[in-house]
Amino acid sequence: MRKIIKGRWAIFVIWLIATIVLTVIQPDINAILRQKGQQGANSESPSSIADNILKKIDTAKGTNDLIVFYDKDKISEDEMNKIGDALKAISYSSQELGIKDMIDPFSMPDAKSSLVSKDGTTLLVSYKLEKKSREVDEIKKELDSKLSKVPVEYYLSGEDFINNDYLKASQGGVEKSAALTVIFILVVLIIVFRSVVTPLISLVAVAFSYLCSMGIAAQLIDKAGFPITSLTQMLLVLILFGIGTDYNILLFNRFREELSHGHSIEDAIVNAYKTAGKTIAYSILTVFIAFLALVFAESPIYKSGVVVVIGVSILLLQILTLTPFIMKVLGQKLFWPSKNVGGHKENKFWGKTSFFATKHPILPVIVILLIIGPMVYLHEEKLNFDTIGELGNKYPSSKGINLVADHFGKGQAMPATVVIENSKALDNNESLAVVDNITERLKSIKGVKQVSSVTQPLGTQIDDFYVDSQMGSVTDGISKTQNGVDQISNGLKLAQEKLGSADFSKVNQMVDGTAKLQDGMAALTNGLKQIQAGIDDGANNSQTISNGMASIETNLSKMSSGVAVLADNYGKMQAGYKEMGTHYQDAAQALLGVKSALSQMQLMVAALGNSYADSESDANYQALKQIINQLSSSLSPITPEGIKALNENYNAVTSGFGTANKNLATMGSGLSQMADGLKKLESGLGQASSGIGTIVKNMNNVSDGLGQMKSGQEQLVAGLNGFSTFGQKLSDVNDGLKQISDGLGQTNGFLTQFKTNKTFFIPKEALTDKNFKKSLEAFMSNDRKITKMTIVLKADPYSKEALSTINKINSTVSDGLKGTNLSKANSGVSGPSSTTNDMNNILSRDLNKTTAIVIIGVLLVLFFVIRSFWIPVFITGSLVGAYYTAMFMINYIFIDLLGYEGISSFVPFFSFIIIVALGVDYSIFLMMRFKEYPQLSPKEAIVLASRQTGGVIISAVIILGGTFATLMPSGILLLFELAIAVITGLVVLCFILLPVFLPAMIALPDVLRNLFSRKKADDVSLEDKVI
């Protein structure tokens, strides 16, 4: 210490230069905080995972923000038009403003119902804002200029604007608190020291520590990514000015006390540091350990409290180097204008309470334990993460979001988002079925109001994507097909009957008869030629010729009659054949249609098996599959090629009938001409030769016709032979159709049970549908490997009910992925509720973990300082009791009296750290003085130490409590609650636990020992009397 005093001016210059340099080059941590924001949860939490996955879906950079328009009397049509004009102006300047993906009711009329409240008073516009290194206030001015002509109230809200207002409120609170802290400390120190110099010097010394600490911390935040929150600067101000002032009071009081004993200034400094300096060093060590424990916290916000470690380290360095310089330079002037150089007066309150506690320790211990014990046992943490609620309605961003909450519901304004990321594309039936199943399970959760996903973009099921609806269409189609098959069967029966009734056996006989007729015609022609020759020779044989002519005429008449009968039969056969042709062609086309329908049914049944989990073990399903395969197999011979060949045979027969009819007409004409020739022959043999010539000529024509007719009849026989085979097949086909009809009936019966089955199945054609593509684009990434679901909660997103719902959502999504093709997919839930839930879980773990670390660290320091076991345990118990008393008080005030759902999330943690870290300081103050009286009994030493340090500790508590009280006017609920918690804890320590409970616990072992010794002595005395 003497070396430090000797080099005091060099030390002062170093401090001065370091402070100036660090302050000048210090980055603006508020700007860093506004740019980076403050992290809420760690990178492994479900909400952080979800946020990172969402960034892959959403290629547009920026954060989600809102413009809220409001007119309490309902937005009129004229106002609506002017709002639309303003939004158009923003849209035209969107690139300049950094605005993307704006959704409003003017450019997207379909979204109007969800963007305009039912009462017509509120209109909501959402968009993404890319700040492009601009301050939010600058962006706000740009938007205000575009919205200046809007005739209704409007509020810029959303993530950027809420955070900006919260940071401004926090910064304003810190600045106001710092100013009030300085004023308060000045007033208290003036009262305590009766001096104007001491308070100023104390504040200047602490200011050196604060500026250097903040400069170093700012560099770490800017260059090394050191965690930062809106609480960082506030914590440093409160802790450094609070405990720094306390340490200065302790040190200056000891210095004044040493001066009062007649020591020189240098000796007084050395002696002060030997006693009070050691106490301060131990106290700072406990604060150091308490805040260093935050390194092990998961929450970045808690980790940001490690900045206090930097602060107290610089503070210790300042106390050990700069404060001695001040003492040496100013000496007794440090306390000007006070003439009293005596030490701090004894405190009567602490003296009397500690004396009572040591004299009657059992009573105060029991009373205090009965009061604090239930507070500890019944303690329940109810945390509130509602940043907007902390802002109230004082800021435009909070007003805007509160309007949205009132007119649309907070759940609508701040939905949760489930994201699933897979290594393979999800745009297939199997993956979409998993997504839809999870969607349905999420909808069944009690606290969920609506779920929108790629399979349910509007929050409701699309009937065409489910087996029950599809099976309804299929069963209706099968019924119609079955009716069609029955009609085909009836038609085939009729065709078969027509084929059966047609006597084609006579056709061969006609062919033979025609051949004989042709031979007879040849012979007749030769005979006539001979007659003609004979007539030409003379009329000797005229009677014979006349008789022959009569015979020929008779034969011609019979031939003509036979040809007429043949023509008539041919006509009937042709008509029946045409009718049969109509039926078989209809049946053939219908059978091809049935075959095609069966192929489609095979595909549907296969798809049904894929979506029906127990299909392989379902006997009915397997039977259905077998029946359809058998039906398809039975129709496999019926092909378009076979029908074509059958048509060729039919056409050949039809052509044969035409040729035969034409030839029969030719024959009839020829026979008529022959009859005319014979009549001429009979009229005169003179003309006989001429008539016979005519007959012979016509008979040649008839003979040629008979040849052609025979050829046509042979074609007809060939065609009818093919049809004879087809006729035989028709019976087999008809039996097959009966099996098809029966199989379709069984199929319909089986599929009917699926009319109530909500199994998801999306047809392949639906995947390429333009409407469904819109859903894919809205809910999936471009590579289709990521999908999201938007969830609207029923409760306030920050409420306890919402957090419980988020836990159920997380477990539901996880369970829904297990055992599916997406079992290895990553998933998470994003949104305010999810982040809040993760923060709640993290903060609870952090509180439990750091509590244990801090308590162990404090115990170790106390063991080292006091060199005792039980007293450190008693002190630690007192600190824990003070913390739980503080928590009970703020729960009672803010939850029970004021009706808040919980206390601000950071209050329990930082309250514990501050109460324990600072409370142990006062304990060390007390116990270090306690150790100065080793010649006294523990009871006497603690009473004397209490009298000597009580005033200092009360002054320190007043200063520290007042420092935290300056947070109350900040207007931020978090700071208000933290102030009440810390003040309550310190007051309980200062006026109950340290002056009453601790002395009582120190005296209790001796009292109990004496009590039992006296009882034992009384028992021995009674025994002697009895004997």
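Keep in mind that glycine also has a Cβ here, set from the backbone N, Cα and C atoms.
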Which is it, of 9-31, 308-330, that TrEMBL names as transmembrane segment?
308-330
Intrachain neighbours beyond the transmembrane segment (949-972), with Cβ under 8 angstroms and 6 or more residues off its ends:
169-170, 172-174, 176-178, 180-181, 184-185, 188-189, 192, 234, 238, 241-243, 245-246, 249-250, 253, 344-347, 349-351, 390-392, 394, 918, 921-922, 925-926, 929, 978-980, 982-983, 986-987, 989-990, 994-995
Across the domain 'SSD' (200-332), what does the pLDDT come to on average, as a whole number?
85
Sequence-remote partners of the transmembrane segment (847-866) [C-beta within less than 8 Å, at least six residues beyond its ends]:
282, 285-286, 289-290, 293-294, 296-297, 302, 381, 872-873, 875-876, 879-880, 908-909, 912-913, 916-917, 920, 923-924, 927-928, 931
Quick test of the contact rule: Cβ under 8 Å, at least six residues beyond the ends. What residues does that give for the transmembrane segment (978-1004)?
349-350, 353-354, 356-359, 361-362, 364-365, 368, 870-871, 874-875, 878-879, 881-883, 885-887, 889-890, 893, 904, 906-907, 910-911, 914-915, 918-919, 922-923, 926, 938-939, 942-943, 946, 950, 953-954, 957, 960-961, 964-968
Long-range neighbours of the transmembrane segment (906-928), counting only residues six or more past its ends (CB under 8 A):
231, 235, 238-239, 242-243, 246, 250, 275, 278-279, 282-283, 286-287, 290-291, 293-294, 301-302, 305, 381, 383, 843, 846-847, 850-851, 854-855, 858, 861-862, 865-866, 871, 875, 878-880, 882-883, 886-887, 890, 942, 945-946, 949, 952-953, 956-957, 960, 974, 977-978, 981-982, 985-986, 989-990, 994, 998
Six or more residues out from either end of the transmembrane segment (362-379), which same-chain residues have a Cβ under 8 Å from its Cβ atoms?
356, 880-881, 884-885, 887-888, 992-993, 996-997, 1000-1001, 1004, 1007
Tally of helix, strand and coil residues over the domain 'SSD' (200-332) according to DSSP?
118 helix, 0 strand, 15 coil
